[in-house]
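Student: Sending over a structure as structure tokens; questions will come in a sec.
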Amino acid sequence: MSSPKRRIETDVMKMLMSDYEVTLVNDNMQEFYVRFKGPEETPFHGGLWKIHVELPDQYPYKSPSIGFVNRIFHPNIDELSGSVCLDVINQTWSPMYDMVNIFEVFLPQLLRYPNPTDPLNGEAAALMMRDSRGYEAKVKEYVTKYASKEQADEAGHETDDSDEMSSVGSYNDDDEDDEPAGTMEV
């Protein structure tokens, strides 16, 4: 067994044995979801997020891909895609780090100490810099609206309205009685 493969198994087993709720995607140790609670003494406290994790074949030499599945209002997290802008994951990753570090240290620190000068969410960054109370209120609103246990449970399911609307698979061509939308002059 190659070293990266062994390391992936070790890190995922550590996560499975930790206090985090981990769900493997198709029993694949390189793709899974982790339930992540907002840190205490932050406006994110009380929130529960579903975090999508993908480990590349070159892990731990190459950093994992981390993304929030349900919405969060934070300067360094893209609100719609859930992408995380965190130097330690994106640029300064080291094989010395492991998955438990991400969930026990890196993500809690990111939520505690946002960096509005390097934003992925410009609206959150601008609000944080000009009106910190307004920013905290908006974070708490998102926690209530998008980061409940129910929202975390539903996050990422194909039955989501936005997925349904953009899904080609939802196109129904069974109705042959449908009129054409218009005519094209040739």
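Backbone N, Cα and C define each Cβ position, glycine as well.
Those TrEMBL annotations? Automatic predictions, nothing curated.
Here TrEMBL flags Cys85 as active site, glycyl thioester intermediate. For 148-159, the entry in TrEMBL reads compositional bias 'Basic and acidic residues'. As annotated by TrEMBL, domain 'UBC core' applies to 3-148. Look at TrEMBL and you will find 148-186 tagged as region 'Disordered'.
Set these features in their place in the structure for me.
Tutor: Neighbour count (other Cβ atoms within 10 Å of the Cβ, all protein chains): 18 for Cys85 (active site, glycyl thioester intermediate).
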Student: The domain 'UBC core' (3-148): mean pLDDT?
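Tutor: Here the predicted model's pLDDT, averaged over the domain 'UBC core' (3-148), is 95.
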